[in-house]
Amino acid sequence: MALTKIASVFLIYLFSFYSQTAKSQFCGCSPILCCSQSGYCGITDQHCGSGCKSGPCRQSRDPVDKIVTQQFFNGIIDTRNGCAGKGFYTRDSFLQAIASMFAHFTHETERFCNIEEVNGTSSDYCDKNNSLYPCAPGKSYFGRGPIQLSWNYNYGTCGQSLGLDLLRQPELVGSNSTVAFQTGLWFWMNSVRPVLDQGFGATIRAINAMECNGGNLGAVNARVR
Ligand SMILES: *[C@@H]1O[C@H](CO)[C@@H](O)[C@H](O)[C@H]1NC(C)=O
Ligand SMILES: *[C@@H]1O[C@H](CO)[C@@H](O)[C@H](O)[C@H]1NC(C)=O
Ligand SMILES: *[C@@H]1O[C@H](CO)[C@@H](O)[C@H](O)[C@H]1NC(C)=O
């Protein structure tokens, strides 16, 4: 008798738990359930993993994943239809290529609006003296992606590091957003990170030395902002 009672209480409990799971969209879950990014209650990785809003959320394996939330990303991105970058620079592709260089990315791309260099696409940025990374016929190495990777020698060394033939296919940086962010990360790690301890100004010099010494105060201020 007692056992039956316990069992039926348990069943009722299970049932209400289950129906709550099924109907609690947009959360207000039981405290033992996680509220998923899209507002559903449950206990799977999809509920308690990345984007989990409340309940026993699992510690994110990646601290960047917690800092760079979707809301953070939405706050930066310009969603006007005129922007080529709309739908290109996504949080997911960013997390695949992890980075922490928002001040420069934001400036280089004008708040993730541009993929290719504004007014730069008519120059080929080919240093013909560089025999190590010769320009491929008909290809241009103007700025592309979040750090505006430029010049054949940068496309060459970066491509070598990523295992991609960016000398023959520089346009990959503008068409695949994971590659785009990887080039930003590559440039950061190779050219910017070594001067981080010298301050923010040194990072500007590493990215675009022409802005320094009064070369473009407006650009410098925009990066600092
Ligand atoms: C690009 O060129 C247009 C037309 O010449 C000019 O109005 C604009 O200021 C230029 N933009 C940049 C970022 O140089
Ligand atoms: C390439 O080398 C020539 C001859 O040494 C030199 O005059 C020219 O300025 C160099 N070009 C670049 C882009 O460095
Ligand atoms: C984009 O590039 C990444 C990294 O090289 C690759 O894994 C992925 O398959 C590419 N995506 C597309 C749509 O080509």
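Note: Cβ is positioned from N, Cα and C throughout, glycine not excepted.
Out of Cys27, Cys48, Cys83, the record in TrEMBL bonds Cys34 through a disulfide to Cys48. Of the listed residues Cys83, Cys126, Cys135, Cys83 is the one TrEMBL pairs with Cys113, by disulfide bond.
For Cys41, the cysteine that TrEMBL lists as its disulphide partner among Cys29, Cys52 is Cys29. TrEMBL records a disulfide bond between Cys126 and Cys135, which is the match among Cys135, Cys158. Long-range neighbours of Cys135 (disulfide bond) (same chain, six or more residues apart, CB within less than 8 Å of its CB): Asp124, Cys126, Lys128, Tyr141, Asn152, Leu167. Of all the recorded positions given, namely Cys29, Cys83, Glu108, none has its Cα within 10 Å of the Cα of Cys48 (disulfide bond). For the domain 'Chitin-binding type-1' (24-59), the mean pLDDT of the prediction comes to 80. Cα separation, Cys113 (disulfide bond) to Cys41 (disulfide bond), rounded: 35 Å.
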